[in-house]
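J.: The structure that follows is given in the form of structure tokens.
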Amino acid sequence: MNYKIAVIPGDGIGPEIVKEAKKVLIEIGEKFGHSFDFTEVLLGGASIDVHGVPLTDEAITTARNNDAVLMGSIGGNTATSPWYKLPPEKRPEAGLLKLRKSLNLFANLRPAVLYNELKGACPLKDEIIGDGFDMMIMRELTGGLYFGERKTVEEDGVMTAYDSLTYNENEIRRIAKRGFDIAMKRGKKVTSVDKANVLDSSRLWRKVVDEVAKEYPEVSYEHMLVDNCAMQLVKDPKQFDVILTENMFGDILSDEASMVTGSIGMLASASLNDTKFGLYEPSHGSAPDIAGMDVANPIATILSAAMMLRYSFDLDKEADLIEAAVKEVLKAGYRTGDILSEGKTKVGTKEMGTLIVDMIKKG
Ligand code: NAD
């Protein structure tokens, strides 16, 4: 089968890490008889340099006309790059926000995985982490507090600010369905996180999640209050499979979960709309401090490509093989600088990509 992928190399380390992910996809294509057509799209600083804007209308159309988007990361050094002398709406990040909005990406997926081989990077105690953990935070991305009505008023010399947190049942239903769908492809467990003891929006969230859960009898699910979830993530992260939550809670919990893994260069992410289409990118930024030095860890981007195969193309076997190859390469002792520990073999970006490709060939 043929799949069309829009590729956004982006800025900083973006082009280097995307190149390695493409190498992996090409190998998967050869092994399983698929072909991947890659069309390059400019976004962020790279687009500003060529077109004067961080995202053109043509770039949006190209992204839309593909089956999925694979992205590196965008942005430069915010203190020194000339891109940040531009007004906010012309800066690199504005292009990414516009692209996400244009593509209707409402579901954000951030896996937080602690590999047995990288346990040393985890700030938690050994008895808590056991053999590692593997959870997926599913965050609603287009509603809630960040998109509600807001205002600041002054009355009798006192300033008061308002931000409203609004969700309608359709917005909740579509993200909940996505969460349960994802759980069906994983450990079949959903923890829906809210603050239903205080917020009306959370009580509606709970009611709709209860309704959606009935359509997925194979998935076990529970509700958890967000403050408890924040504690449980450091007390017993192994208990989680899919954490399903609204925008702000997801923003905070996904950062907490990623810090618990201790390895920013390993964390993939995806943003999905209500079709099979998705945008796949590492959780980290463009790391301008190490750009062009062949030291960046390409694994987060390679694992994002694996997510693309699993969630946009339903190629689960192929995704499994990439994830297994990453684990095997780590087991064999190879590390980029960011995850290096004593006694391990240091490799660069390209070599890490090649090692994973070779492992896929063997697998
Ligand atoms: P960052 O994630 O780029 O870097 C933080 C630290 O982690 C740096 O020391 C960096 O060298 C290191 N690091 C990040 N990824 C790595 C990798 N794959 N391998 C090895 N080390 C890695 O965050 P930042 O420095 O705050 O931001 C840099 C730029 O990235 C900014 O312009 C920011 O706006 C942008 N950014 C973009 C995205 C995105 O494209 N979605 C996300 C976050 C930040």
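Each position is counted from 1, following the chain as shown.
The backbone N, Cα and C atoms fix where each Cβ goes, and this holds for glycine too.
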J.: In TrEMBL, the residues Arg100, Arg110, Asp227 are said to bind substrate. Which of Arg64, Arg139, Arg203, Arg206 is said to bind at that same site?
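T.: According to TrEMBL, the candidate sharing the substrate site with Arg100, Arg110, Asp227 is Arg139.
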J.: Just the binding-site residues from Arg100, Arg110, Met293, Asn297 whose C-beta lies under 6 Å from any atom of ligand 1, please, or none if there are none.
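T.: Going through Arg100, Arg110, Met293, Asn297 in sequence order, those close to ligand 1 turn out to be Asn297.
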J.: Show which residues of the chain containing Asp251 (Mg(2+) binding site), separated from it by at least 6 in sequence, have their CB under 8 Å from its CB.
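T.: Expected: Arg139, Tyr146.
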J.: Restricting the comparison to the binding-site residues Asp255, Gly285, Asp289, Ala291, which residue's C-alpha is spatially nearest the C-alpha of Lys195 (site 'Important for catalysis')?
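T.: Checked the binding-site residues Asp255, Gly285, Asp289, Ala291; minimum Cα distance to Lys195 (site 'Important for catalysis') goes to Asp255.
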J.: Helix, strand or coil: which one is Asp255 (Mg(2+) binding site) in, per DSSP?
T.: helix
J.: If you measure every Cα to Cα distance among Gly285, Ser286, Ala287, Pro288, Asp289, Ile290, Ala291, Gly292, Met293, Asp294, Val295, Ala296, Asn297, the residues said to bind NAD(+), what is the biggest one in Å?
T.: 16
